[in-house]
Amino acid sequence: MLIAILIGFVFALFLAFAGKFFKGKLSILISLIPLGLFIYFLQYIPNIASNQIVTESQQWIPSFGVNLDFRLDGLAMLFSLMITGIGTLVFAYTSSYLKGHVYLDRFYAYLLVFMASMLGLVLSDNIISLFIFWELTSISSFFLIGFNNTNPDSRRSAQTALAVTGIGGLLFLAGALILGSIAGTYQISEMIPLSEMIAGNAHYVLAVALIFGAAFTKSAQFPFHFWLPGAMKAPTPVSTYLHSATMVKAGIYLLFRLTPVLGGQEFWNTTLLIVGAVTMFYAAFHTLFRTDLKGILAYSTIAALGILTFLIGLGTHEALLAAGMFILVHALYKATLFLMTGAIDQGTKTRDVTVLSGLRKVMLPIAIAGILAAISNAGIPPSVGFLGKDLIYESTLNFNHSAIFLTGLAVATNVLIAYAGYVTGVKPFIGKLPTGMEHVDYPPLLIWLPPIILGVLGFVFGMFPSLVQESLIKPILTSVGRDPSQVHLKIWHGFTPILGLSVLTISLGLLVYFLWKPTKSKEDFIERFEKFSPKHILESLAVLFEKASDLWTRIFQNGYLRNYISVIIVFLVGLVSLTLLENTTYRIDYSSFSRLTIYEVVTLAIMIMSIGFAVFTKSRLAAVAATGVMGYSICLFFVFYSAPDLAMTQFTIDTLTVILFVLVLYKLPKYLKLSDYKTRVKDTVISIAFGGLITILALEVLAQPVNEEISNYYAENAYILAHGKNVVNVILVDFRGTDTMVEISVLAIAAIGVFGLLKLRLKSSERKQK
Amino acid sequence: MKTIILRTASNYLLPILLLFSIFILLRGHYLPGGGFVGGLIASIAFVLHAFANGLKDTKKLLKFHPGFLMPVGLSLAFLSGLLPVIFFDQAFMTGLWMQDPIPVIGSIGTALFFDVGVYIVVLGVTLTIIFTISESA
C-alpha cells in the first residue's frame, strides 16, 4: 500500500522533468495511474466483504510512536475507490478539457500529488501520518485552486482556501497530539478500545474541539464554508475532484473515523448536530440566490457536507449507515454535475443559468448525464439517491429526540438541494436553444463519457443495491464498530411514512423549481448581506492582522541597527533580571576569588582607559581601535588564567574584527552629527544595565557548584581514546566533531549570505549607473 | 595604506605567517592551536597582504576566489567523518589512527584531516567576507 500511495508522488516528480512528453496526446496515459490504483484496490473487495482488514506497517519514527501504518477497512475502501475511480475519470476528462494548455504537465503533477495525499490520508491508521497527508492535501489543493495563476481572483481564492484549511491543519495537529497523549498511542485502531477512558479525560473536550476545528474547516462547515464557493475559480476538473469525492470529504472522513474513538458523548453529538444542521440549511437556502452553475453546485455541496456532519452527529446506527451511503451517492451525482458544468462552460463559454437552455440539441450526451445526476440528486427512484434519502429520513425519524423537527429540517434541506439539482442538471438542457448557441461544438468523447459513466453508475447501484451492500456499505459500519447484519438496502419498503417524505421532497423540489427563477437581481439582493457573513468578518480580521503586523514591523524592524541592538539588549536584560529578581539568593563566594596580581591591575587599567577613550573620542577609527585594545586585554586575562587556546582565538578574531570595522568605517565621512544628549543618556542607561547584568550573572555562575564529571571525562580520555593531549582541540575535532562540522557549515552559509547580499546590491547599483 | 615598509614587509610576512598557521594547525592536537586558529592566522596573512599591496594583487596571488575553499574544506571534513563508515563499518566520525607517528607532523588520523578541513573552511569564510566587504565599501 505504501507503494500505491507513493507512486503518485514519484510520478509527479517525474513529470517535473519529463513533463513535456506528456503535454500533448500522451497526457491521457497519465490516467492509467489512477486506473491501476483503482484496480489494485478493487482486488481487496473480497477481503473487505468478509470483514478482513488489510494492514501494512512501516517504521518511521518509532521512538515517537509515529509510523506509516496503513489500514484498509470498509471506510478506507470506499474512499480509496472514490479517489482512484473518480480520479481516473477526472484525469481522462482533463486531458481533453485542458488540451494544449501550456502547463498541462504541471496540472497533472499537482493532481497526482493531491490524489496520493488523499489516499495516504484515508489509509493512514497513525494519526500523525494522517495529519501529514492532511496537510499535503491542503498544500496541493492550493496549487490546484490557484492553477490559473494569472487571474488575481483565482490566486485570492487559493490563498483563502489555504488559510482556512491551514488553520484547520494546525488545530488538527494540536488535537492529534492531545489525543495521542491521552491514549498513549497514535494508532487510531488502538484508541478504539480506550474510548471510555478518553472520554473521561479532563482534556477530552479540548481534543474534540480541536479536531472539530480541523474537520469543519476542511469540510467547509459554517462558519468556515466560504472558502469552498471561492475555490470554484479552479478549472472544472479540480472542482469535480476536490468537491465531490476528495478534499472536502476529508473532514467528514476524519469525523467518521474518530466516531468510535470520540463519539457517543454529548459534546460530540450535539456540536456536530447543530453545526451540521446550520450548515446544511444555510447553504441549501443560499442555492436559491445563485445564478452561476458552479456557484449553485458549491452551495449544494456545502449543504451535502452539512447533512453528513448532521448524520454523524445523530450518531445512531441508521444515521451512520445513511452517512456512509450518502457519501457514495453524493460523490456520484456531484461529480457528474461538475463534469457536465465543465462541458457546458467549454462549449458555450458561460455558466450563467439564466441564459442557458435547450442545450440538449447540441450536446445530447451531456444532457443525459446531467438529467441522470439531477434525478439521483433529487432522490427519485430507481436512482441510488433515493436509497440515500430514504436512509436519512429513517435515521431522523427514529431519533429519540425532537424527531419531527430534525426530519422537517432534513426535508427542507433536501427540497432545496433537489431544486439545485433541477436547476443545474435539467434547466440548461430543456426549453428553447437561445440564439447564438446553435453552433456550439459537439463535446468530444473524453468530455461526455466520464459524466455518463458516473450518472449511469448512480442508477445501476440504485437498481441493484446488492452490488455495494456487502462490499462497501456494510464494511463501513463494521469499521466504525457497529453491527451491520441488519442492513438491507432496497428500493421498495412498502407504503411507509418515509416513502411519503420522499415523495414530498421530490414534488416540493419540483414546485420550487417551477415557481422560483434564479435571477441576477436575487443574487444582488443576497450580496447585500455579505457584510454580516463569516467571510467578510474573517477577511476584516485578516486586514487587522496585517495592520498590526505592519505597525509591529515599523516599530521593531525599522532598519536602524542601533535600535535592533537596544531592543535585543533591553529585552534580554528585562527577561533575565526578572528571573534573577524572583529566585536567586545573592551571595558572592569570595573564597573562590584568586588574589589580585600586578599584571592584572595593569591590564585592568589599560582596559578602563581604552573604554574611556572609545566613549569620548571624536573619531570612529579611534573608537574601533580602542575596542580592539579592550579585546586584546581580555586575551591577556585568558593567558593569565591558563586558557591559551581561547586567548589565541580571541586574539585573531579581535584583529580581524578591527580590520572589518576599519574597512567599513574608513569610507564613511567623519562624524557629522553627534547623537543628542537624550539619546546618549538612554544609551548609557542601557549599557550600564547590560554590563551590570553580565557582572551579576558571572558572579552567580561562580557561586554555583561546578559539575566536573564531564570535564574530567574529557581530560582523562583525550589521550586514550583520541590520541591527543590538547583537550580543547580533541573536543572540537573528535568528541564533539559533529558539532564542529555543523558550525563550519553555518560559517560557510554566513559567508555565502554576506557575499550574496553585497554582490547583489553592487550589481543593482552598477545597473543604475549604466 | 600602501607604505613601502609595509609592502616590503608583507612580501616576507605572507609566507612566514602561512607557515606559522600550518604550524599552529598541526600542533593543535598536542598543544594550544588547531584548525580554527590556524585558519584565522592564515586569513590574517592574506588580509595583511591585501592591505599592503591592494586587493587586486592578493586576488591575483590567490588565483581563485576564496569562496571555493569553503566547499573544499567542508567536503574534506565530511569525508574524514565518512571514512570510517565506508571502509571500516564504524559510526560516523569515529577517529581512526595510523600505527606509527610520522616525523614532524606527528600521528596521522582522521581527526587531522577533519582539522585541515576546518582550517580551509575558516580561511575561505573569512577571506570571502572581508574581500566582499572591502570591495563594496
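Backbone N, Cα and C atoms are what each Cβ position is placed from, and that goes for glycine too.
Copied from TrEMBL, the annotated features are:
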type: DOMAIN; residues: A:61-108; note: domain 'NADH-Ubiquinone oxidoreductase (complex I) chain 5 N-terminal'
type: TRANSMEM; residues: A:75-95; note: transmembrane segment
type: TRANSMEM; residues: A:107-123; note: transmembrane segment
type: DOMAIN; residues: A:124-408; note: domain 'NADH:quinone oxidoreductase/Mrp antiporter transmembrane'
type: TRANSMEM; residues: A:130-148; note: transmembrane segment
type: TRANSMEM; residues: A:267-289; note: transmembrane segment
type: TRANSMEM; residues: A:320-341; note: transmembrane segment
type: TRANSMEM; residues: A:404-424; note: transmembrane segment
type: TRANSMEM; residues: A:445-464; note: transmembrane segment
type: TRANSMEM; residues: A:564-581; note: transmembrane segment
type: TRANSMEM; residues: A:596-616; note: transmembrane segment
type: DOMAIN; residues: A:605-670; note: domain 'MrpA C-terminal/MbhD'
type: TRANSMEM; residues: A:621-641; note: transmembrane segment
type: TRANSMEM; residues: A:647-665; note: transmembrane segment
type: DOMAIN; residues: A:680-759; note: domain 'MrpA C-terminal/MbhE'
type: TRANSMEM; residues: A:685-703; note: transmembrane segment
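Highest Cβ pair count under 8 Å relative to the domain 'MrpA C-terminal/MbhD' (A:605-670), across stretches A:61-108, A:124-408, A:680-759: A:680-759. Within the model, the domain 'MrpA C-terminal/MbhE' (A:680-759) carries an average pLDDT of 82. Residue counts for the domain 'NADH-Ubiquinone oxidoreductase (complex I) chain 5 N-terminal' (A:61-108) under DSSP, helix first, then strand, then coil, are 32 helix, 8 strand, 8 coil.
Same-chain neighbours of the transmembrane segment (A:445-464): 28, 86, 89-90, 92-93, 95-97, 328-329, 332-333, 335-336, 339-340, 342-343, 346, 363, 365-366, 368-370, 372-373, 376, 381-387, 491, counting only residues six or more beyond its ends whose CB sits under 8 Å from a CB of the stretch. Sorting the domain 'MrpA C-terminal/MbhE' (A:680-759) by DSSP state (H, G, I as helix; E, B as strand; all else coil) yields 70 helix, 0 strand, 10 coil.
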